[in-house]
């Protein structure tokens, strides 16, 4: 006696799935449980068909091969013992009895390869490999034009001239044009302010000279020179650090 597949009903079942509560053949098992990762985690037990010698014996007589299983009596019965027991009265006739196939189920779940995991890993590996972006590749000619342009060279010379002028060590002709253009820009942005006072080092300025005059409004402002004194104007007092 065989157990047929619960899906196709054409082949003999080889595994039993506890989650699906169904017996499946090999083909239907691969089709159902290799579909996704969740289905691949279902516990499946192998089914083994017994030989004639391994067939179970009747629990009543213990001599003949058992063919039925009674759910209420919790016993396997042969044909000769089943008839007199379940035909005795109306209560025993209502017992649920099932055909006994003798198929044994394995004690531990079987290990099956998970094709879905390998496919997912391959897909993940393909997803991680991204093609190089065309926009990230900059032609060498364009990069040379950017870094060797005349404007960048002029700007670097201007900064170099300002640094030398700040430390009072600039040459006579070095960066004069750049310093003049920046001075004009500062005079236009901050009208009435002297650029020499802004570029002069704070340590070289005394307290009396540390006053910047606004020619337009005839107002004087005190600038903090980095010493240990506060220089304020108006209602604030001139006090040293405590």
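Including glycine, each Cβ sits where the backbone N, Cα and C put it.
In the three-state DSSP assignment, the secondary structure recorded for residue 8 (Zn(2+) 1 binding site) is coil. Swiss-Prot lists 5, 8, 28, 33 with the feature Zn(2+) 1 binding site.
Annotated zinc finger per Swiss-Prot: 5-47 (among others), in sequence order, evidence recorded as sequence analysis.
Close to residue 81 (Zn(2+) 2 binding site) in the fold, though at least 6 residues off in sequence, lie 58, 60, 61, 64, each with a CB less than 8 Å from its CB. Here Swiss-Prot flags 58, 61, 81, 91 as Zn(2+) 2 binding site, drawing on sequence analysis.
Note on the zinc finger (58-100): residues 1 of its chain, located 6 or more positions outside it, place their CB under 8 angstroms from a CB of the stretch. Sequence annotations record features per position, and here Swiss-Prot assigns zinc finger to 58-100 (among others) based on sequence analysis.
According to Swiss-Prot, the region 'Disordered' annotation covers 112-153.
Here Swiss-Prot flags 133-153 as compositional bias 'Low complexity'.
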Average pLDDT across the zinc finger (58-100), rounded to a whole number: 92
Packing count at residue 8 (Zn(2+) 1 binding site) (other Cβ atoms within 10 Å of its Cβ): 13
Pairwise CA distance, residue 28 (Zn(2+) 1 binding site) versus residue 91 (Zn(2+) 2 binding site), rounded so that it is a whole Å: 41
Using Cα positions only, nearest of the binding-site residues to residue 91 (Zn(2+) 2 binding site) (5, 8, 33): 5
Fewest other Cβ within 10 angstroms of its own Cβ, chosen from the binding-site residues 5, 28, 58, 61: 61
The zinc finger (58-100), counted residue by residue under DSSP: helix, strand, coil: 12 helix, 10 strand, 21 coil
